[in-house]
Amino acid sequence: MRAYSCLTVLFWSCMLHATHMMPSQKRTNKHSHSERITRLSESDGKTLHRTKRGWMWNQFFLLEEYTGPDTQYVGKLHTDQDKGDGNLKYILTGDGAGSLFIIDENTGDIHAAKKLDREEKSLYVLRAKAIDRKTGRQVEPESEFIIKIHDINDNEPKFTKDMYTASIPEMSGVGTSVIQVTATDADDANYGNSAKVVYSILQGQPYFSVDPETGVIKTALPDMSRENREQYQVVIQAKDMGGQMGGLSGTTTVNITLTDVNDNPPRFPQSTYQFISPESAPPGTPLGRLKANDPDLGENAETEYRISSGDGSDLFDIVTDKDTQEGIITVKKQLDFENKMLYTLRVEAINTHLDPRFLQLGPFKDTALVKISVEDIDEPPVFSRPSYLIEVDEDAKEGSIIGQVVAQDPDITKNAIKYSVDRRTDLDRIFNIYSGNGSLFISKPLDREETPWYNITVIATELNNPKQSSQVPVFIRILDINDHAPEFAKYYETFVCENAKAGQLIQTVSAVDKDEPPRGHRFFFELVPEFAVHPNFSIVDNKDNTAGIITRRSGYSRSKTSTYLLPIIIFDNDYPVQSSTGTLTIQVCACDSRGNMQSCNTEALLLPAGLSTGALVAILLCIIILLVLVVLFAALKRQRKKEPLIISKDDVRDNIVTYNDEGGGEEDTQAFDIGTLRNPEAREESKMRRDVLPETIFQIRRTAPLWENIDVQDFIHRRLKENDSDPAAPPYDSLATYAYEGNDSIANSLSSLESLTTDGNQDYDYLSDWGPRFKKLADMYGGNDSDRD
């Protein structure tokens, strides 16, 4: 590479030297003409026309990347005004003047002070001046010239990207375009082969190839499978000089990914799967999962599962889990171990998104065998029916069997069953059941008219495992029998007019029956045999469960007979025939000419006495007035008698008065309630003396009640003895405050302490309410109070 660069520099130096020598060879010719022509640049074709005098130069060329020890000689500026005596001074201005390009102001020689790079700048435009040192004037007008940098192959090709990424579907054919890479060379493309790039593949064969001119990468092998290898790394080289030896090169990496296509069918990893399901599993219970593997990705691997055949296809189902692409076996219907213990299913796994280009590879599905074993579970008894309907006549005797329920253990063990009635549904215990065979029988009489239906629940329980039980509803319908006689539908108030004629209808009667015969009611009416030929009335059956009462004569009179009693027999047509007798009361009433009733029995009794209706009304008013006066008189009399407002607790009437033996007279008394003796069983109430707070609380002494066969005197003596011997009695000198000790008593207090109660604390107004017997006493105490006031 270095040898090549040296040869290139030597070649361009020779060219520059020849160019530099050309002006001197032609100088004699230019002096011979009065007009000189100077060529500034071959590229732009511009010429300057000078008269009399002109510059002596041509276009300059310079090689880039000069690495010699001395400065690189560019060329020489010279004018024909230069006599060689040093009077002229050359000045250089423009691109790089003074920095890149240096001129000898005496000789006009130009040198490149630094290494130049054509890729940075390929053309420099400068201006030259020739100035007389003595006068400072320009001997020539300022002229422009060009220094052109010639290219050498000093730049390797560079790719537009350091790394490329591409993808291509797997199974693509040979020559399928993958991606195009591009490299550029900074060298001059118009000069030589320095910028001519050729592509080649360094890594990635034999899978891929590259077009040497365009850089398009293509597949080189057919049917590349993503499942075998997904990623490929290809290294591409770009070399200039047309790929010849000595050219510079650059590389790039291309990462190629094979994308997935649906070229693989799903495959079960095993041919047979086994699952276990308890027979009690409800519908929808998952039993297990199975998965067919598909090496494809995304929607190309989406698989759908289905049951294609098998003896349990109606009992089981399979659903697809979209997230895991698994098939889930579920229970579809209730299983029965006793019916069948093993089921076999054939399950298919099918791709849902097929690629028509690869259908020739075969069917994109797979099958597997699934065996499901049913596990036995201890089940409760099962009744032969979901419910039972039993009909029984209401006259069925107690203990008679009305029906039977049947249940059995569905398990293979066939455990014995015990039957019972849920008493919450038969609180009155009307029905019972034989625990061994499930026969229902009656325990109490039935009455359809009271309860036509019974809904009870029968429980069947396994004897060996009482936890296993089941229930069944039993509906019992009570069938009607003709056990009720028909009777009048209501109470009839019947009357016959005194002016009624024979054959006149006076009443229509109907009947009701609590029974419900299957063919409907049919009632018959007739008079009792004793009145089969009644002289006054007859009965006519209307054949529609009603009958009409007809008069047999005329001339009825209230004065003779005001009321007729007509007994009628009503019977039905059911078996056995039931009948009853109802008595119809017929009153004789006065009617107008149209048959409208005016009055009946009450007026009939009064009219014979000569009383008219107005007189009867007057008598009634008088009676009412008298009653009101009597009530008012009694009320006034009760108000005159005023009950005492307050009954004093010191009322001495009907009381035994106990005098104080230690002082005072009649006024020092304390009443004793005789009611205690009259009610011996009543307990004595312990009362604290008023206004006294004893220091010691003594227990209440309980005494035996006074029975009726004990004499009152014996009772009193016994109580006195108990009081004398009672250790809990208060001391004799303790303060005892009496409710009242009398007015102006000559008796002193029993204690040295004064009584806390004074006469001023007592209110004697209630004595006035006791009547005249206590008037004197009221005057005495009331007068004292008034005097004190």
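Cβ coordinates come from backbone N, Cα and C, glycine included.
Not measured: the values here are computed from a predicted model.
According to TrEMBL, the feature signal peptide maps to 1-21.
What TrEMBL records for 23-43 is region 'Disordered'.
Per TrEMBL, compositional bias 'Basic and acidic residues' is recorded for 32-43.
In the predicted model, the domain 'Cadherin' (79-159) shows an average pLDDT of 84. If you look up TrEMBL, you'll see 79-159 (among others) marked as domain 'Cadherin'.
Across the range of the domain 'Cadherin' (160-268), the DSSP-based residue counts are 3 helix, 47 strand, 59 coil. Annotated domain 'Cadherin' per TrEMBL: 160-268 (among others), in sequence order.
Residues or ranges marked as domain 'Cadherin' in TrEMBL: 269-383 (among others).
Marked as domain 'Cadherin' by TrEMBL: 384-488 (among others).
Among the features that TrEMBL reports, domain 'Cadherin' is placed at 488-610 (among others).
The annotation transmembrane segment is assigned in TrEMBL to 605-636.
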(request) By DSSP assignment, list the helix, strand and coil residue numbers for the domain 'Cadherin' (79-159), in that order. (result) 0 helix, 41 strand, 40 coil
(request) By DSSP assignment, list the helix, strand and coil residue numbers for the domain 'Cadherin' (384-488), in that order. (result) 3 helix, 47 strand, 55 coil
(message) Give me the DSSP three-state residue breakdown of the domain 'Cadherin' (269-383), ordered helix, strand, coil.
(response) 10 helix, 56 strand, 49 coil
